[in-house]
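Written out below as structure tokens is the structure these notes cover.
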Amino acid sequence: MIRFAVVVIVLLTDVPFSLEEDDNVLHIGGIFPIRGKGGWQGGQACEPAVRLALEDVNKNSILSGYQLKLHWNDSECDPGLGASVMYDLLYNKPQKLMLLAGCSTVCTTVAEAAKMWNLVVLCYGASSPALSDRNRFPTLFRTHPSATVHSPTRITLMKKFEWYRIAILQQTEEVFISTVEDIETRCKQNGIEIITRQSFVSDPADAVKNLRRQDARIIVGLFYVVAARKVLCEMYKQQLYGKAYVWFFIGWYKDNWFEVNLKEEGIKCTKKEMRIAAEGHITTEALMWNQNVNQKTISGQTSEDFRKRLENVLRLEGYAIDRHRYPEGYQEAPLAYDAVWAVALAFNKTMTILEKQGKSITSFNYNNKEIADHIYSAINSTQFLGISGWVAFSSQGDRIALTQIEQVINGKYVKLGYYDTQDDNLTWFDKEKWIGGKVPQDRTVIRRVLRTLSIPLLICMWVITTIGILGAVSLIVFNVLNHHRRVIAQSYPACNTIMLSGCVLSLSSIYLFGLDGQIISPSVFPNICQIKTWVLSIGFTLGYGAMYSKVWRVHRLHTSQKKSAIRKALQPWKMYSIVIFLLAVDVAILFLWQCMDPLKRDIQVFPMENPLNSNDDIKIRPELEHCKSENHNFWLSLTLSYKGLLLLFGLFVSYETRSVKLRQINDSRYVGMSIYNVVVTCLITTPVIMVTASQQDASFAFVALSVIFCCFLSMALIFVPKVIEVIRDPHDKPESKYNPDAGMSKEDEDKYKRLIEENKQLAAKIKEKEERLKQLKSDLFSLRGDTDKTELKWNDESQLTEHSFLSQSVNKDTLIVADFITGEGTSDSAFIAGTATSYSRASASDMEFSESYL
């Protein structure tokens with residue numbers, strides 16, 4: 001508002017002013033920011049530099065007898081106060097030929113209004129890119145390069161270190177707003193992503209926190225030095241420093257800016273903490289000091305000579321230069337010095353032109369546009385070697401200069417290189433040092449890691465599975481080769497083969513469940529999903545269906561109203577039809593599932609994790625692949641419901657027939673036990689697998705172990721007794737194919753075995769008696785001579801007769817057992833009685849014989 005008020009006053013009042021009576025003095029106005037609390041207070045060092053420049057210009061007589069005089073006041077880097085200072089300078093004698101100004105916000109106000117007075121404004125300390133707008137600021141020049149000169153430098157560094165993801169933190173000042181707009185344009189042109197743009201007025205705490213939330217790593221900071229200290233302290237609190245972060249700061253802060261004025265500004269960080277947070281940050285600044293310290297400039301002195309003179313002046317003003325306590329604006333002092341020389345050179349050219357026209361520069365007033373245009377043209381074409389380096393202006397009035405790149409290493413700024421914007425040339429010294437020894441990354445590198453099965457677990461399960469499959473195949477061969485044996489024939493070998501085939505398929509599914517991303521490609525994974533679903537489902541149906549058909553038939557026969565039906569031969573096709581029906585239901589469900597909603601590869605993403613053995617800025621994003629369809633829950637519920645009902649019904653039937661013994665199905669009790677095992681295992685495993693679905697090893701282990709346990713225990717219960725029986729009795733005769741139900745029951749077979757054992761014991765005792773008889777005969781021959789041969793002969797005949805009786809008795813026992821086997825002869829009790837009688841008779845005869853002999 002003040003700026004527009006000044007413009008209105010100028011338009012309404014056209015008061016002509018003349019120069020002082022001393023016509024050999026050329027007056028210029030100066031606006032210096034010195035005592036403000038915010039913004040850039042560079043006038044502290046720039047005003048003494050301007051005094052030195054005026055002294056040198058007036059000594060060198062570059063203005064041909066004219067003296068250059070400065071009238072100035074403090075703006076405190078406040079645009080309103082700067083407009084007031086400008087108004088006082090213009091409307092108070094003497095009349096000014098040009099204005100010098102510093103601080104971007106003040107220069108913006110002054111330069112926008114100065115065109116109304118036909119005044120050229122030369123800014124020694126203003127970097128706002130907005131000042132490059134010639135339509136808005138037609139009479140502005142500046143020895144301070146535009147902040148846009150930093151943008152290509154920053155972009156070049158970002159490309160050099162492969163940083164393509166950055167964040168921006170800015171103070172809400174026009175100079176920084178326009179700078180950010182330029183950075184955004186250049187980033188877009190170079191493919192660099194700006195992930196966030198945070199701004200603040202005075203307190204940067206929330207803005208810095210947001211940077212952390214956005215995981216910003218490469219951050220461009222645009223703010224004045226007072227705000228920079230607050231930002232640095234907040235950086236330390238939020239831990240946005242160190243090996244994972246790179247900060248770009250403005251380079252015109254003084255070297256120890258992060259260690260001074262902490263208590264005065266209420267910074268709640270110590271010097272040590274500020275140094276820690278500042279370590280490694282990068283600054284870009286236009287070169288403000290001639291890098292050739294021995295090169296003489298237009299003033300006849302080197303940059304080092306000027307430095308010494310300036311420091312002497314600053315010491316006199318009370319600054320602790322010897323303790324490296326420099327006032328603000330010390331880095332920009334050469335720009336202010338060269339600005340005065342640029343003014344002097346422009347006035348010199350203008351006076352030369354006007355003299356040829358018979359005019360004088362002292363005749364200038366605020367309505368004289370002709371002289372103003374000459375001054376504008378003169379300064380636009382001015383070029384010279386100054387304390388700040390080569391001074392020249394672009395068509396926008398901007399200073400053309402190299403950019404210097406520095407980094408804080410061990411608490412001190414170290415020059416890393418220079419960048420020439422005009423030639424796009426980067427001179428690099430390779431002196432950069434990064435915390436951690438590596439170039440920081442522009443983002444947390446997120447590595448997608450597919451969770452796969454443990455190789456030892458996989459190998460272990462596959463080995464056990466292979467053993468189970470080989471065992472099942474061996475039992476199939478055993479079942480086929482011994483199908484004629486009574487113990488096999490009465491258990492329906494065809495159903496046994498179907499059950500074993502189901503076990504083979506179920507076990508084979510374990511191989512398929514173990515095929516994950518470490519073995520197969522993502523394109524093959526959906527096919528494996530379909531195959532393993534079919535194999536496991538059909539394997540379960542064959543294995544469990546064969547056992548269920550047996551107990552179902554036992555249940556039907558046991559509950560039949562016609563008791564005679566138990567004695568009838570079973571019809572195998574009725575048992576097979578149950579398996580076929582269950583298999584048809586399975587195939588129908590699987591076929592519809594695959595056709596209507598096929599299984600696909602679905603990725604489950606887990607929260608990011610830190611790597612175990614890496615110091616890099618890396619996060620691990622675990623992923624786990626699943627087999628899933630669009631309506632997966634529906635199909636899974638349908639399948640589980642169908643098989644769950646089958647399991648429960650099988651459990652019920654097994655319980656109902658737990659005490660039933662049928663000669664036609666001799667392994668029904670073992671089959672029932674196997675069904676119990678399958679049902680209990682499935683009821684435990686199914687919910688556990690659902691809970692552990694996101695834990696690949698646990699889920700695979702439960703699936704594999706449940707399948708292995710069911711298959712191994714079922715094969716053991718049903719076939720181990722059969723194998724033992726076949727090994728124990730290898731001479732079992734085949735049953736007649738015309739009478740498959742013929743033969744003994746289990747109880748009769750046990751009785752038969754007991755009788756055979758008793759017969760063997762009797763035979764052993766007979767043999768013992770025979771040995772005893774031989775011994776007695778030998779003793780008899782030795783006691784008696786040839787005279788007793790007749791008696792001995794009689795006794796022998798009598799003994800032989802007794803022996804013949806015992807042998808006949810034993811043979812009779814054998815015949816009785818043989819008759820018992822074929823179902824003929826006496827009953828069990830008669831047989832046992834006969835055997836006992838024979839044994840008694842043999843014993844009695846033996847005793848009588850012994851007594852008569854003695």
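The chain as shown is numbered from 1 upward.
Placed from the backbone N, Cα and C atoms, the Cβ positions cover glycine too.
Just so you know, TrEMBL annotations are computer predictions that nobody has curated.
The coiled coil annotation in TrEMBL covers 745-786.
Among the features that TrEMBL reports, domain 'G-protein coupled receptors family 3 profile' is placed at 464-742.
Taken from TrEMBL, the feature signal peptide applies to 1-20.
Summarising the annotation, TrEMBL assigns transmembrane segment to 453-481 (among others).
The annotation transmembrane segment is assigned in TrEMBL to 493-514 (among others).
Under the heading transmembrane segment, TrEMBL lists 534-552 (among others).
Annotation comment: TrEMBL describes 573-593 (among others) as transmembrane segment. If you look at the transmembrane segment (573-593), the same-chain residues 6 or more away from its ends with a CB under 8 A from one of its CBs are 492, 494-495, 498, 533-534, 537-538, 541-542, 545-546, 548-550, 552-553, 599, 629, 635, 638-639, 642, 646.
Long-range Cβ contacts of the transmembrane segment (634-655) within its own chain (Cβ-Cβ under 8 Å, at least 6 residues beyond either end) map to 537, 540, 544, 547-548, 551-552, 555, 582, 585, 589, 593, 597, 671-673, 675-676, 678-679, 682-683, 686. The transmembrane segment annotation in TrEMBL covers 634-655 (among others).
The feature transmembrane segment is assigned by TrEMBL to 675-694 (among others).
TrEMBL lists 700-720 (among others) with the feature transmembrane segment.
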Check: Can you tell me the mean pLDDT for the domain 'G-protein coupled receptors family 3 profile' (464-742)?
Finding: 81
Note to self: Is it true that the transmembrane segment (493-514) and the transmembrane segment (675-694) have 3 or more CB pairs under 8 Å, sequence gap of 6 or more?
What the structure shows: no
Check: Which bits of the chain, at least 6 residues beyond where the transmembrane segment (453-481) starts or stops, bring a Cβ under 8 A of a Cβ in it?
Finding: 488, 493, 496-497, 500-501, 503-504, 507-508, 510-511, 514, 516, 518, 696-697, 700-701, 704-705, 708, 711-712, 715, 719, 723, 726
Check: Near the transmembrane segment (675-694), which residues from the same chain, at least 6 beyond its ends, have a CB less than 8 A from one of its CBs?
Finding: 544, 547-548, 551, 604, 606, 624, 626, 640, 643-644, 647-648, 650-651, 654, 702-703, 706, 709-710, 713-714, 717
